[in-house]
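Please read the structure below before turning to the comments.
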């Protein structure tokens, strides 16, 4: 830690400009007001595309970093307002249109629904009987489980929260306007990283976790304990009664009678009746022990509140971010992190790239925790919700990571200054880019040929009737011994490291089978040759995605092919006329290609997850204790061939969506077709050139002129970049809708 005399550094002050930008509805009502060229209005149809492309590209509107920073800050509040409106809508649907109260009274027999379709042209068929006499669309968002864990016991509480969401949205909209138009922070406020770290760590993460821990202890725990014991929701005291009447808490948790004395006398063990370290899952609900998660949030709060006091601001004590970075030198890293502080305080693209990469990775980790350690009551036995949550978080994580590649490339083009990065880590990585990319390329080739080759071998052997020569658990075994070792360590180690824990952190590693209402919530996931094969496909597709994105970043400014690439900008179709073979080299094009491989990677991940869980985890526990899995454990033998994936997964499990007509799942059947159509539509944009369309348009314009109905705005074909953007958007949208319909029709029909 660095300590400095107080006189050495100026005091941190919150400085703002008053009324920097007038509020003008007249200006906002003018399309393209942010750009001088666009503000003149449309002359060609390209205008509407440029309007959308540049509306949020603040760099193109001004070169003033302070103004850009203010616009981003204000936009954050707008984003939060949208999130609050969305959340409010979710809670309102739960209050007004759902069977939440009926589900709460009987969560194992009644399914969650929060939408009832009006039968205008016969859509009433979509309202399935979800139990308890309620007819509606079954939802798979998991909100009911979250609300149960939070302590919601009636619709009125959901209404109040929905109104609270709208109030927060209004506050956010006001804050966004206020901090741009009335009191706008100066640039030094945005660049004051130590204060920002302290506030974000101690305030947002620390106090946020503390507030949630408080809610869990005082509201969630008592309500959930009574619900678990079978008390009817209507008979449970309301949250404020538990908060205001200590005797009600003391009945459930005797340590409450001692108040806060044990805290100050360091006799913390007294609180172990509501702050526990049990491990595993609650056998009644199949969710994490709520007393464990309350303990977790309290510990996280303490950790982050301490972390929020680490950085030096006005008191001359603590860490300086710049000094930490510049002291970070290794024997082979030259100037180390010198210069990175300047990059991260002047390039928001660099900052965003790092944050997106971190948050994307974290989101993927969340996807895995949601099934391995299901946090909410009864979530684990709702297989459709489990599959939806996994798929959702995987895709969100994938998009964020591709976004990291995008903003990394934009940083390199717009913000990177070679003169300020001499022999530091970033400079050294860029100078080593050929070695990095060529090695990564070799890894991709190796993984691609070998992983695919194993499947080709298996298909060939099975086709020739030689099962004894296949790679499988019953012939030539390729066991994932390292993964099995990790599983074993995680199962055995807590016996020594956490002797008081009742179970391992996750039953996915090993241990018992947790069943709720005769359905498997979680059990040990055994790994074998089939998993070894598909994991190497995962490794291959992930490495190709990384190769594309990293090449886009490292070669964004220059390459041997186009030494002045940085002058052409982040997105350009080719290096001008008369120079063939220079197309698809811009930073933008690498993002474009990266999106396809991200989608490719994650399709295999979610297919693997879906089939593996149906085969080896999800199912019914029979009276004699044996488990009947949904697909009867067919993953190990069927997924080791490409034919098996097509026949026993894609085709066999698509039966539910293909045969859905005439049932409550019929909308998924239509969506399945519509998704395929949108996907096919994308190929029209991806497989044709701009010239073809421009020729066609000119014929159509000629016909309009003949009929004297020529448009005043000149029609133009989409640019090459625009065509690719439309293509990849429809490709992904079509694929996502198709997968959504396939997964939901399948899992809803087998529950």
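Sequential numbering from 1, following the chain as shown.
Keep in mind that glycine also has a Cβ here, set from the backbone N, Cα and C atoms.
Annotation source Swiss-Prot lists transmembrane segment at 72-95 (among others). Residues of the same chain lying 6 or more positions beyond the ends of the transmembrane segment (72-95) and with a Cβ under 8 Å from any Cβ of it are 56, 58, 114-115, 141, 143-144, 147, 155-156, 158-159, 161-166, 168-170, 172-173, 175-177, 179-180, 185, 190, 348.
Under the heading transmembrane segment, Swiss-Prot lists 158-181 (among others), citing sequence analysis as support.
According to Swiss-Prot, the transmembrane segment annotation covers 197-221 (among others), on the basis of sequence analysis.
The transmembrane segment annotation in Swiss-Prot covers 293-311 (among others) and rests on sequence analysis. Within the chain, the transmembrane segment (293-311) has long-range Cβ neighbours (under 8 A, six or more residues past its boundaries) at 193-195, 197-203, 205-207, 209-210, 212-213, 216-217, 220-221, 274-277, 318-321, 375.
Residues 68-69, 72, 379-380, 386, 389-390, 392-394, 396-401, 403-408, 410-411, 414-415, 508, 522, 609, 613 of the same chain lie 6+ residues outside the transmembrane segment (348-371) yet bring a C-beta within less than 8 angstroms of a C-beta in it. What Swiss-Prot records for 348-371 (among others) is transmembrane segment.
Residues or ranges marked as transmembrane segment by Swiss-Prot on the basis of sequence analysis: 387-413 (among others). Sequence-distant neighbours of the transmembrane segment (387-413) (same chain, 6+ residues past either end, Cβ-Cβ under 8 Å): 140-142, 343, 347, 349-350, 352-354, 356-357, 359-364, 366-368, 370-371, 545, 548-550, 552-554, 556-557, 566, 569-570, 587-588, 590-591, 594-595, 598-599, 601-602, 605-606, 609-610, 613, 736, 739-740, 743-744, 747.
Look at Swiss-Prot and you will find 435-457 (among others) tagged as transmembrane segment.
The transmembrane segment annotation in Swiss-Prot covers 532-550 (among others), and the record cites sequence analysis as its basis.
Following the DSSP three-state reduction, the secondary structure of residue 574 ([4Fe-4S] cluster binding site) is coil. Taken from Swiss-Prot, the feature [4Fe-4S] cluster binding site covers 574, 583, and the record attributes it to sequence analysis.
Residues or ranges marked as transmembrane segment in Swiss-Prot: 590-611 (among others).
What Swiss-Prot lists as transmembrane segment is 665-687 (among others).
For residue 676 (chlorophyll a' binding site), the same-chain residues that are 6 or more apart in sequence and have a Cβ closer than 8 Å to its Cβ are 734, 738. The feature chlorophyll a' binding site is assigned by Swiss-Prot to 676.
DSSP assigns residue 692 (chlorophyll a binding site) to a helix in the three-state reduction. Counting Cβ atoms from all protein chains shown, residue 692 (chlorophyll a binding site) has 10 others lying within 10 Å of its own Cβ. As annotated by Swiss-Prot, chlorophyll a binding site applies to 684, 692.
What Swiss-Prot lists as phylloquinone binding site is 693, and the listing cites sequence analysis. In sequence order, 717, 718, 723 are the residues near residue 693 (phylloquinone binding site), counting only same-chain partners six or more apart with C-beta under 8 A.
Beyond the ends of the transmembrane segment (725-745), by six or more residues, the same chain brings 140, 384, 387-388, 391, 395, 592, 595-596, 599, 603, 606, 610, 653-654, 656-657, 660, 665, 668-669, 671-672, 674-686, 718 to within a C-beta distance below 8 angstroms of the stretch. Per Swiss-Prot, transmembrane segment is recorded for 725-745 (among others).
A count of other CB atoms within 10 A of each Cβ picks out 574 as the most crowded of the binding-site residues 574, 583, 684.
Non-local neighbours of the transmembrane segment (158-181) in the same chain are 19-23, 70-71, 73-78, 80-82, 84-85, 87-89, 91-92, 94-96, 100, 147, 152; each lies 6+ residues outside the stretch with a CB under 8 Å from one of its CB atoms.
For the pair formed by residue 684 (chlorophyll a binding site) and residue 583 ([4Fe-4S] cluster binding site), distance between Cα atoms is given as 19 Å, rounded to the nearest Å. Taking the Cα atom of each, residue 583 ([4Fe-4S] cluster binding site) and residue 692 (chlorophyll a binding site) are about 17 angstrom apart.
Recorded residues residue 692 (chlorophyll a binding site) and residue 574 ([4Fe-4S] cluster binding site) have their alpha carbons 17 Å apart, per Cα-Cα distance.
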